[in-house]
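A.B. asks: Below: one structure in structure tokens.
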Amino acid sequence: MRQKTIDAIMAHAAAEYPRECCGVVAQKSRVERYFPCRNLSAEPTEHFHLSPEDYAAAEDWGTVVAIVHSHPDATTQPSELDKAQCDATLLPWHIVSWPEGDLRTIQPRGELPLLERPFVLGHFDCWGLVMSYFRQTHGIELHDYRVDYPWWENSYPDNFYQDCWYECGFREFDGPPQEGDLVIMQVQADKWNHAGILLEGNMLLHHLYGHLSQRVPYGGYWQERTMKIVRYKDVRGNEACRK
């Protein structure tokens, strides 16, 4: 970034302090410009939600090339949510600390390995792991049902696993479970709220809330909480699927 752009970002961080500032860097031909954006977060001292209208205004001017936000009274160390959102935007993120005035840039990491992912609801969660498994193993893009709120709590109407497994391409099947089947579970909730993938050797690949993604033996606790096992209909060798 050019010094003029950095100066504009620091001035915005100072003006918004102790709230998090947010904005974008845009490029038009050889001209680089910082666009301050409104932070619409309900907790602006802890998080940022960049105004879609302000983002669109920057896009109208040129090409958005980076996302910017500040960490008030903290270092530039990115949180797991920062990293996950950077991955999702496919753009560099510039993080500034204020009042220290430090600057750090993080880059999108691409597709993460299936094991030992950090948990970030709405990004790296149980359905996110299932999506990545099918993308990495079969080249299949499943529908993205991820949301960043605890939809399994009774105060929310959503019931994604129970309502959406069929429309997403999964089917009941005849015969025993096999590698690649989707295991839908109900864990400390009144709804089906967790899922994993069966692996060879009766292992379960899953990503539990607040934990790293992992492989565990499928039995006992997880088997007792299993509500349904289904199979993706369009994978070669899955002819046992029902219509």
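Cβ coordinates are placed from backbone N, Cα and C, and glycine is handled just like the others.
Relevant sequence annotations retrieved from Swiss-Prot are reproduced here:
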DOMAIN    1-120  domain 'MPN'
BINDING   His69, His71, Asp82  Zn(2+) binding site
MOTIF     69-82  motif 'JAMM motif'
DOMAIN    96-233  domain 'NlpC/P60'
ACT_SITE  Cys126  active site, nucleophile
ACT_SITE  His194  active site, proton acceptor
ACT_SITE  His206  active site
A.B. asks: Sort out the residues at least 6 away from either end of the motif 'JAMM motif' (69-82), same chain, that have Cβ-Cβ distances under 8 Å to it, and list them.
C.D. replies: 12-13, 16-23, 45, 48, 50, 93, 95-100, 102-104, 106, 118-120, 123-124
A.B. asks: Among the recorded positions His69, His71, Asp82, His206, whose Cα is within 10 A of the Cα of His194 (active site, proton acceptor)?
C.D. replies: His206
A.B. asks: Looking only at the domain 'NlpC/P60' (96-233), report the model's average pLDDT.
C.D. replies: 96
A.B. asks: Taking each of His69, His71, His206 in turn, which of these recorded positions have a Cα lying within 10 angstroms of the Cα of Cys126 (active site, nucleophile)?
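C.D. replies: So the list reads His206.
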A.B. asks: Work out the three-state DSSP category of the residue listed as 'active site, nucleophile'.
C.D. replies: helix
A.B. asks: Near His206 (active site), which residues of its chain come within a Cβ-Cβ distance under 8 Å, counting only those 6 or more away in sequence?
C.D. replies: Cys126, Leu129, Val183, His194, Ala195, Gly196, Ile197, Ser213, Gln214, Val216, Trp222
